[in-house]
Ligand SMILES: Cc1cc2nc3c(=O)[nH]c(=O)nc-3n(C[C@H](O)[C@H](O)[C@H](O)COP(=O)(O)O)c2cc1C
């Protein structure tokens, strides 16, 4: 048995019934609990008992009457669900998605400080810029703003949020009943930000939270996305189809982080892994083919069209993926579109085969196998420079997540690759991330 000092980080990407687009139709899927808090509470408690670092909720602020016909709903607003989960858990980190394109920094900074207090230091923010026209149409716009403009706004959004979190120095709250001094006003700062997108006076109306700032998570993979991550992110989610691509991405991002004067160890890279797990090969094959049988290709085409911003709903399934606009012209999720085109070309897939490949995790790496096989892959990526940990995306929550907890995690623990007990209390402590310096403290 090997024992490693460096432990991998494991995040559960919580998707209601699972990440496979047909997961909600799977016979064991408890769809009656889709809007039931207890269902999510039990899943997250299981992840905590297994000592996972964190759970993560994605978000998209739109749907359509067409796409809901076959199932495409994110049931709860992430920070609301995370606040409820905060009070029924003690250790596990709570990461939620909020878009910088359709919010204001003051509201978002305040929301994450509140979550950080409610959870005693376990809040994380997955920063997204959104990528579809359908979302823009819910926020006074017809089309999603250009990719570069979204990242420009995101950058200023983050600068303002960070100033707001820093606007209360650590020891600003006095609470002296005798003197009647509530807070030391010299240690509570107006930020007086005036920029291209935002004009914010500050200070924030909540004091400095246990982690000072939520852990900043990001998942952009385009050039703009990588630069943004290298400047701000402390954890990076990424979709990578092969070990070679994952390793190249890992090296490039860590190099950029270093170039930006930051410590690469303070940025954790977590590729997504979508397992289908079975105790025997036969079991795995049965689950995989059952899920394929349950797919609805009209729905899959609609999902793909929305994701890549090109209407493919009348494309022929037994032909290759039609020609798409060159990557420079794509204004939606650039890097994901690139990944999908590359996958179709590399494996010479028909559109139908591509849709089957994407169904399990929308372009994340799918592993189908026994617990040993899954553990072997995770170990290989982790020990050979492609990952600091993984974003676990079970294709069906039930029973894949149970099997991951019951069989894969103990196997990783036996190999000395994953913690057997929590060694800290906050999300920063689980990920080995320092508390950032407060920019106003030295003034
Ligand atoms: C694990 C993971 C989770 C993501 N979650 C969301 C999400 O909740 N909402 C969203 O709009 N985009 C989400 N994205 C998309 C990214 O934010 C990003 O737009 C995408 O990877 C394309 O990168 P780019 O913006 O640099 O082109 C996610 C990506 C990954 C890898």
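The backbone N, Cα and C atoms fix where each Cβ goes, glycine too.
Of all Cβ atoms in the shown protein chains, 22 besides its own fall within 10 Å of the Cβ of residue 147 (FMN binding site). Summarising the annotation, TrEMBL assigns FMN binding site to 59, 97, 147, 151, 222.
Per TrEMBL, the feature domain 'Luciferase-like' maps to 29-381. Regional average pLDDT for the domain 'Luciferase-like' (29-381) in the model is 94.
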Sequence-ordered binding-site residues from 59, 97, 151, 222 with Cβ under 6 Å of an atom of ligand 1:
59, 97, 222
Only counting partners 6 or more residues apart, tell me which same-chain residues put their Cβ under 8 Å from the Cβ of residue 222 (FMN binding site).
147, 334, 335, 338
Tell me the Cβ contacts of residue 97 (FMN binding site) under 8 Å, same chain only and six or more apart in sequence, or just say none.
56, 57, 58, 59, 78, 125, 126, 128
Return the residues near residue 151 (FMN binding site) by Cβ distance under 8 Å, restricted to its own chain and a separation of at least 6 in sequence.
129, 220, 224, 225, 227, 228
I'd like the Cβ neighbour count for residue 59 (FMN binding site), meaning other Cβ atoms within 10 Å of its Cβ, all protein chains included.
17
